[in-house]
Amino acid sequence: MRFFDTLKQYDWEQIKDSIYAKTKQDVLHALNQAQCGLEDFKALISPAAAPFLEQMAQKSMLATQQRFGKTIQLYVPLYLSNTCSNSCVYCGFSHQNKIERVTLSEDQILKEAMAIKQMGFEHLLLVTGEHQKEAGFTYLMRAIELLRPHFAQISVEVQPMSTEEYQQLRQAGLHAVYVYQETYHQENYKNYHPAGKKANFQYRLETPDRLGKAGIHKIGLGCLIGLEDWRSDIWHIALHLSYLEKTYWQSRYSISFPRLRPNAGGFQPNMVISDRELLQVICAFRILNQEVELSLSTRESPTFRDHVFKLGITAMSAGSKTEPGGYAVHTKALEQFEVSDQRSPKEIESMLHEKEYEAVWKDWDRYM
Amino acid sequence: MQKLIIAGQEFNSRLFLGTGKFSSNQLMEEALIASGSEMVTTALRRVDIQNPEDDILKHIDPNRFRLLPNTSGVRTAKEAVFAAELAREALQTNWLKLEIHPDPKYLLADTIETLKACEELAKKGFIILPYMQADPILAKQLEEAGAAAVMPLGSPIGSNKGLITREFIKIIIEQANIPVVVDAGIGAPSHAAEAMEMGADAVLINTAIAVANDPIKMAEAFKLAVQAGRMAFEAKLGAQLNQAEASSPLTSFLDL
């Protein structure tokens, strides 16, 4: 059994219609359940739930506090390479773009890592473009071996790999893998991903299955909000999460909410999600699932992050640089996305303290 | 009130506290003090055991509290033994709360791995308090394997649902030759008092205090509830009856 078989049982348009058909009564029913299911979740992400955002936020905040306490985990991305053989039409690292390509050497990786350690981080997220030769399995294995002695927890956001490769990386100390489907709309997926390995919808979709089989501790899901109807994509994430939790019950799960914004010259999103709607999605996920990690990156503005972190979020990045060498080495590489929240990790920690939350820098260990 | 004795050490308080989920380490310290507790458990994965300046450890005064490191986060006996040995060396204590939960959703204990780890750690000289399912057979097996106390759950960790496992905890208490500490799920002082009235030797609380609006006041409330429950247990509660007990309707004719 793999998720592709589950997905085949659902029709995108029917799902979409059923979400938009949800009524006020459906929303009230969902809010009054001790535990929501996937039908209730449709109501919570539907337009009918918009007037109930305050109630959703309150419910979400309490559920998050009960499970995670008044704490936020802090992590930071380390971009190792922007070399990429994919041609995702929305991405700055796309193979088509004539940009300076940089892959950090071992010395450079360690220099960057030491700068990150100085900021206080114990949880590190390694990011690369998808390039088998420049930044494939062998390169990543070496990077993890180099970094393992210095960090309590190492995660990656890199190209999908095989079960065996994931097993080897886990033994070397890999904790979590984030792999975003971008969109669950199979037909339109290929328009956004016309070339490279990423053009294979099914291989990408089944990556979390391979991660679960490999015993990876935490598996990160997500879609790029702005490609297809976001309510339908978000519901498919919930379906995916529910399948994975039952199948790979020893893994934890995480969801991120990257959203595309209109920008001059670049890819224009097909659909824009507002701040209110993004908060609605975050609260809906928490009401559906009390254990899942919900993460908010520095793509979001300081104002949004400062208000939303209490309402369902459990992990935040801080002080992020999204170009290889951004912390210490300083190359000519371009950043993958524009960082909106430019504050330092210490400033984020102070903000959390002011709002009576504890910043958690370390929640794992090398032996685990 | 009788003193609690675990592995030969006396404790004046029968309330143990966890250190997770507090909004600051300062507030955690104040709540620990207000609770009157003398035993505090902290997850090894949260502390930097090599660093004497670790911010969590700095807030747990060793003169006031016995530190009980726990292995929360490990999934196998092998990982638990490894973590225990690291903790013993770095923190200079052979006390350990053994927690093995491979299921990250409900954080339920893995019975087979817990028993295996307990046997091995006891041979290595650890004082082990294992977190466990409320399984009376397992409680005896852990006792035989060398556990210093057993810690059955009241309900899933952090759920605040109280003593869902009540009937099984009663059997564990009845059969135990070592202290029984009800751990996990106690969400209100009344739940803690109930566990103590049933004859539990102690209770461990974390979420209900850490997530309260006023954790310090809640810590004190638990302190009082645990004392009240224990005193009631020692004073021997009267039996509960379904009806008022009049005279002896069946045999009173004999007195006529």
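Every residue, even glycine, has its Cβ placed from backbone N, Cα and C.
Just so you know, TrEMBL annotations never went through curation; they're auto-generated.
Going by what TrEMBL states, the 1-deoxy-D-xylulose 5-phosphate site holds B:Ala184, B:Gly185, B:Asn206, B:Thr207, and the candidate of B:Gly146, B:Gly158, B:Gly238 recorded there is B:Gly158. Counting every protein chain shown, 25 other Cβ atoms lie within 10 Å of the Cβ of B:Gly158 (1-deoxy-D-xylulose 5-phosphate binding site). Sequence-distant neighbours of B:Lys97 (active site, schiff-base intermediate with DXP) (same chain, 6+ apart, CB under 8 A from its CB) are B:Thr41, B:Leu68, B:Pro69, B:Asn70, B:Thr71, B:Leu129, B:Pro130, B:Tyr131, B:Met151. In sequence order, the binding-site residues near chain A (CB to CB under 8 A) are B:Gly158, B:Thr207, out of B:Gly158, B:Gly185, B:Asn206, B:Thr207.
In the three-state DSSP classification, B:Thr207 (1-deoxy-D-xylulose 5-phosphate binding site) falls within a helix. Per the record's binding annotation for 1-deoxy-D-xylulose 5-phosphate, residues B:Gly158, B:Ala184, B:Gly185, B:Asn206, B:Thr207 show a top Cα-Cα distance of 9 Å. Long-range Cβ proximity for B:Thr207 (1-deoxy-D-xylulose 5-phosphate binding site), meaning a same-chain Cβ under 8 A and a gap of 6 or more residues, is found for B:Gly18, B:Gly20, B:Lys21, B:Ile157, B:Gly158, B:Asn160, B:Gly187.
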